[in-house]
Amino acid sequence: MRGTAGPVPRNALNMKNQVSRPAGRWLIFLALLLLANLSQARQVFMMEDKARQLRPSEALKRFKQGQFQLLEGKNYNAGYTNSVFWLAIHVQEADVDQRWIIGNAHINRLDFYCAQNGVFKQWKVTGDYFPFSQRPAPDRQFVFDANTPGTYLARLDKHGESLQIFSALVPAQVYYEDHALENMLNGIYVGAILLMVLFALFLYITIGDRLYLFYILYIISSYAWVMANKGYGFQYFWPDFPAFASLARPLFNALCCTFLLVFMQHFIGQDEKSRYFRLNNRLKIISLSFALLFAVPLLVPRFLEFGTVFLIALQLLIGLIILLTVLSIGEKIREGNRQALFFLLSIIVLFFFVLTEFFVHAGITMITSNFWQNFGMQTGFVFEALILLFGLAFQLNRYRADRERLLISVNEQQRNLSASIIETQENERRLIADQLHDEVGAQLSVVTLQLGTVMESKELDTMSSARLGKASEVLKDVAHTIRNLSHVLTPVAIDKYGFAKTIEDLVSTINLSRKLEVECIIIGFAANTSISSQILITLYRISQELLNNTLKHAQAKHALLQLVELEDSITLFYEDDGRGFHLDSRKNGKGLDSIISRISFYNGQCEILSPPPGGIIVNIEIPNIKK
């Protein structure tokens, strides 16, 4: 039989509660202590040493006494400072491999200390004043192993300059993943810059415009400053030259300002008419002088004692240059300059990315992405270079369009002038031909009639009659020559009988000479054709020139002249069986050049061949220009 439990006494319950409450409190306390230790293991603490005389052992003591402040948000912007800053972390037993990252790549001197198992010692001395090989890891930042339990301290000395601190304790796997991604993105950005520089160099070589050279100098100096500012320059380009590591940034910054003004003036077309032109020129000289001043410490190290003054002056100069650049761009935008819009857009994009990165470092924005923190500036410069390259391409297209319009205008003027000259020549020829045909021809006809009348007179003896007969024949020959000359000067038969009949008469005249047998084929060219009279006269002149060249130089026996009228074009084909000529050294080049120039005037095409063993082939096609 199962028994039943009786009621529990009240005093027993009270004793149980009194025992369980202290135990629960101790469990809660231990849990909170463990969480605090785990949280502290990931936290970074900081202390400012304004006197710069705090010894490492004293700094360790103050850290243990809680005099260090928590570095909230992993970032601290000290600005221009004469202080030394101490960073400290406390590492408990670590479950994973971890790294302590101090993110500023330009700390002049960094002393790293470690307190483990009661032993406090200096572990590493590194910084910009030492070769890159003294860095704790091959990274532009300062990365230390933090696996052994203990307290780690870092003394950061960058007095007399601007200091921004980023520090975090992260798992090694996270660090390596971020490092690989950073290297990949950095390679992409450098590759993009190199492609744009090479493209601009190609344009400079092919076109010869100095604008592309100034673009190259500005982009290279700008991105060189970015690389130096991010620490990549010291890591990859001058790792054994620590004296240049601290001077590279202001040096490239001054050069960037110089080439910015030079490129901006040429890009937007700023000239002496601008109110800012002379001031910009003075700023170019000043910024270039600053670049030379920052190069002096490479030869005179003591010159670095005045570095802070020069850095502050350079920042003021940069602000003034940016202000004048914006004013110059605004002036050109008001004038309707589209190039200035490209430059303004590039500056806006650059400022957006640069300011975003600055706000991330300063902790002003809610953005915490490592991309903006590490690549905001590079992204801005790449986009700026790309926008400016688009502006250069737009300017090149506009230049080509303007040049094409100018060439078209010049060609049109030349065509009009040539047409006017041709029309004047034809009018003069027609006038001379009319005078020869109507006046001189008529007078010769009168003289011939009078001679005929005299010859019919019975008073003349036989000798005189014979002489007059010869004189009459000479007059007839002169009249025939004058008539032919008038036809050569202007083919009046085209207007009277049509183009086809005029060409046939020309061919018949040559065939009657029995020096050359010409076959003529004419398709189209009705008497009431709508083809321009200038085109018909040109075709007649070309046919005449080709036949005359064959008669004078070719020693040919046969020739073929074919003229075909199509809907939108007119073709002329000519061939003879003469001795031909060498195309590169022809003696009768003037006649053929005259033919080519006539065809080019009407935007036609002309092909002249002289295939072996001899002869010539001419194929001409011109547009069918209506009246």
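Glycine is no exception: its Cβ is also placed from the backbone N, Cα and C atoms.
Keep in mind that this is a model prediction, so the values were computed, not measured.
Feature transmembrane segment, per TrEMBL, maps to range 376-396 of the set 19-39, 376-396. Residues 80, 161-162, 250, 253-254, 257, 260-261, 264-265, 268, 270, 274, 276, 279-280, 283, 286-287, 290, 293-294, 340, 343-344, 347 of the same chain lie 6+ residues outside the transmembrane segment (310-329) yet bring a C-beta within less than 8 angstroms of a C-beta in it.
Within its own chain, the transmembrane segment (187-205) has Cβ neighbours under 8 Å at 212-213, 215-216, 219-220, 223, 375, 378-379, 381-382, 385-386, 389, 392, 396, counting only residues six or more beyond its boundaries.
Outside the transmembrane segment (376-396) by six or more residues, the chain places 185-186, 189, 192-193, 196, 199-200, 203, 207, 211-212, 215, 219, 222-223, 226, 229-230, 267, 338-339, 342-343, 345-347, 349-354, 356-357, 360 with a CB less than 8 A from a CB of the stretch. Per-residue pLDDT, averaged over the domain '7TM-DISM receptor extracellular' (182-393), rounds to 88.
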